[in-house]
Amino acid sequence: MSRPSLRSMLAPRPPQPPRPTSSRAGRNLKAAVPTALILLALVALSVLWRIELFVVLVVVALSFAVWEAAGAFLARRIRLPLTMLLAGNIAILALAWWRGLGAAMLAFGATVVACAVWLGIRDRARAQVSDAACAVFVSLWISVLGSFAVALCQLDSPAWMVAALILLPVANDTGGWAAGVLFGRHPLAPRISPKKTWEGLAGSVLACLVVALLLATVALGHSVWWALAIGMAAVVCCTAGDLLESRLKRWLGVKDMGAIFPGHGGMLDRIDSILLWAPFCYLFFAAAQGVL
């Protein structure tokens, strides 16, 4: 039997269903909690050492997310131009760091053109509309939204900017999960995400407001009203990002987008709320610093 080639080993594949769990929490907490702590520690160390290391982490994480998305879309027989999407992802994020968001948007436009050309050359006899549309969606969802996380690092006090980018979604997810497990009775969006409840949303609001007040007023010196505004914006964005990915997974027919993180699923399952929050987080702080 011949050994599989490196190319075949790295080729994206549809995600496998996660192992069933009998836990009321809906996840394997013995694996999920240590995984979350390790990820938070990795982010914290990169930010405290050099902010450039966090940018590198973003590039690596989003490149893996693109690869993960390419595998998930195979569940519906949609073949994404992975090489073009990966090259475009790196270009978008690199230009966001070196030349700003305007240059990143130009790179996104070039990525769209490159994907369309590549799909046309690959198989002219096959209808490519769905593949092209999904490729544009993946680049916009992962790379363009992610570029705002990179741009956030160019603002004053970048460590606190990253703290707001990461900790508010963590508070949203953790508060919503805890309140949902303990008190959840009324479904929020049963057709999209049956486990989400209005009680869980209330927990998300409470947790986000507490974290926002601590970050904005104590650490950054903003007003209480400003803190409440950014806290509520985080709840809306993070919840919408989570529901967007849940809807996408239902359309693709997959439970998780991947399985790289024990107890959490794939990369996209971890950063779905952060992706939609990133541009609004940037806008809040850029406006406060007079950059816009």
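Just so it is clear, glycine is given a Cβ too, placed from its N, Cα and C backbone atoms.
All TrEMBL annotations are machine predictions without curation.
Annotated features, as they stand in TrEMBL:
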{"type": "REGION", "residues": "1-26", "note": "region 'Disordered'"}
{"type": "TRANSMEM", "residues": "29-48", "note": "transmembrane segment"}
{"type": "TRANSMEM", "residues": "54-75", "note": "transmembrane segment"}
{"type": "TRANSMEM", "residues": "82-98", "note": "transmembrane segment"}
{"type": "TRANSMEM", "residues": "104-121", "note": "transmembrane segment"}
{"type": "TRANSMEM", "residues": "133-152", "note": "transmembrane segment"}
{"type": "TRANSMEM", "residues": "158-179", "note": "transmembrane segment"}
{"type": "TRANSMEM", "residues": "200-219", "note": "transmembrane segment"}
{"type": "TRANSMEM", "residues": "225-244", "note": "transmembrane segment"}
{"type": "TRANSMEM", "residues": "274-291", "note": "transmembrane segment"}
Cβ-Cβ under 8 Å with the transmembrane segment (82-98): same-chain residues at least 6 beyond its ends: 12, 55, 58-59, 62-63, 66-67, 70, 104, 106-108, 110-111, 114-115, 118, 135, 138-139, 142-144, 146-148, 150-151, 153-154
Recorded stretches the transmembrane segment (54-75) and the transmembrane segment (133-152) touching, at least 3 CB pairs under 8 Å: yes
For the transmembrane segment (200-219): best-contacting stretch of 29-48, 104-121, 133-152, 158-179, 225-244, by Cβ pairs under 8 Å: 158-179
Distant-in-sequence neighbours of the transmembrane segment (158-179), which means Cβ under 8 A and at least six residues beyond its ends: 25, 36, 40, 43, 47-48, 51, 54, 149, 152, 196-197, 199-208, 210-212, 215-216, 219-220, 230-231, 234-235, 238-239, 242, 273-274, 277-278, 281, 285
Intrachain neighbours beyond the transmembrane segment (104-121), with Cβ under 8 angstroms and 6 or more residues off its ends: 81, 83-85, 87-89, 91-93, 95-96, 128, 131-132, 135-136, 139-140, 143-144, 147, 150-151
